[in-house]
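Over in TrEMBL, the protein carries these features:
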{"type": "ACT_SITE", "residues": "C213", "note": "active site"}
{"type": "ACT_SITE", "residues": "H271", "note": "active site"}
{"type": "ACT_SITE", "residues": "D294", "note": "active site"}
{"type": "DOMAIN", "residues": "205-297", "note": "domain 'Transglutaminase-like'"}
Amino acid sequence: MLGRLYVIVPVTSSSYSPLSDWKAYFDSKSYNYLNPSIFIQPPASAPVGFYEFQVFVQPQSGLGNSAFSSFVLLCNPWCSEDSVFIPYEDQREEYVLSDYGLLFMGTPMNTVSRPWSYDLYESGVLEACLNLLQVSPQHQRNPNVDFLDRSDPGYIGRVVSAMINSEDDRGVVKGNWSDNFDQGVHPSLWTGSGDILRQWAQSGCSPVKYGQCWVFAGVMCTVMRVLGIPCRIVTNYNSAHDTNANLVIEEVYSETGQKLNLSRDSIWNFHVWVECWMTRRDLGSYMDGWQVLDPTPQERSQGVYCCGPAPVKAIRSKRTDIPYDVPFVYAEVNADVHTIIVSQGQVLSVNKDTERVGSLICTKAVGFPRLENITGNYKYESSSSALSPRSSSMTNVSVAPAALSISSRSSTLPDVSTISRGASSKGMFLSLSLDKSPVAGEPIRLTVKVTNRESLAKTVKVHFNAQAKEYNLSPSDTFWESHEVVQLGPMEGKVLRQQILPEQYEHAVGDKLINLAVVLEDMSSQERVLATEEFNVASPELSIQILDKNVVANKEHTAIVTFTNPFTHPVNGVLTVTGAGLLQEKIQFRIRELHPGKGVEERVKFTPKMVGRKMLHASLSLSTANIIIRGFKMVSVNSI
């Protein structure tokens, strides 16, 4: 019985039956007349859910007897007839059974791996996932239709995508992209899905505050894996949010390199969604495989804040006619970027970049704690994509001043065309590079090359501008700038070097990104060339050491967590250690007034309750620097 739906199944002595039918049978090889066992086998297309069942025994004479019980039915990726069948055991272990993972943040040139605990086997998680289906609008409208539709993993994915956010329903997580998280938890402080799902269930399905894209994706990955659907978290770097679907994102800069907030379109430095593996029987086998599902509430799909399932194969082949939401996801990985320099409301120049959006799409590798590049699944990569991510494929076009009208999009802007990589114009060439990936506590060193491409000498101004920004927002005010005048002889090139000191960026940036821009200005012709780079400053990592070489289930072990302050100022904060299957609850330590160069060491005792590969995760939230520092250690738990 599933709700009010039911099926009556005669118990037979044979397990043979077509896969499309429910069957119940005695095992004739191990039949015990005094204590018989009955095996119930559902068809591969049976709906997911919480079932009740009744066994009724009717003797040849007299009254019958019955017994009641229940079971939870999930999708079965081990069954070749199931819509979520995935043929490789290592992928089933990674995408279904694993209760930990990594998601990736930062920028393409300096990726940051962040641990996430899926908490699949923790108390209350399965019940919360099943309850999520029960309180969905689809179930509330018509329970019987909803139960029957749960035989389709695509339908389940679409329901879950909407239910993870709380915009239209009694969803799990409330999004917040402001700077004020006083009414809840800062999204960066969550370390896994279990606390979120349990809090939602225990509060009577009130949204948990707060989440951003990686939190939505992490919780959805948990729900889908719990329901038996293979799922993985995917990060799209330089993800476009194209509000008017013209596949063009406009970014506007001042003549001295300050980025301005004048466009409704945006590029998130990274955006996180999930992929689920399934057959698409509504489309045909050519669209089977990984499907994009995005629970972050960005745009409505058929009136609801959800996204997908969108076949990755359809995105790659630009089949925007295929359901669901392929055009939106296609724009996220393929839009062009028009970078505009303006002065007093006039457009001075326009750059077109065709490589920046979707420059890296990745997920956790199967069986290893490292990044796997899956960009080629989404798009046909050009030969230039093999270049360093800090380069850009841009064309600079100098134009006669034109009225700025961002609201009417690129139709009012001068024509642009694409040429080779680098920021250049008819008379000048400009390149910007960082000497190394920036690290907290060290200067950010950059190199700029300026070249006069004409046979006449030039006097040029070089404007440097740095702004802090969140991954999904326009930058804040300038926190560092520099300006200099350079003399260039005919066809001459010069190399300029600058550095931003830790005391200049630490308090302004925290855990944010940096938008760095350089404008090269010809003082005679007023021609301008712009080069930009957005990057993150890598935080130090916490070190975790396990004292015992052989970690055994149900035995106490000790881990040591170590941190050394790399910053130029003292720090305070809270150290939190978690580990699904290793710790019953999180452990916290208070860190007080740790001076530059000094270290702290904390011992953590843990008793594993499950055999297998687990993750011990530590995070240090610094109150004085608005930074969260993380570390993780893989732990193999043995039976003896």
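Cβ atoms are placed via backbone N, Cα and C, with glycine included.
Distribution of TrEMBL features across the structure.
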| residue | record | Cβ within 10 Å |
| --- | --- | --- |
| C213 | active site | 27 |
| H271 | active site | 26 |
| D294 | active site | 32 |
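A gap of 9 Å separates the Cα atoms of C213 (active site) and D294 (active site).
Here the domain 'Transglutaminase-like' (205-297) has a mean pLDDT of 94 out of 100.
The distance from the Cα of H271 (active site) to the Cα of D294 (active site) comes to 10 Å.
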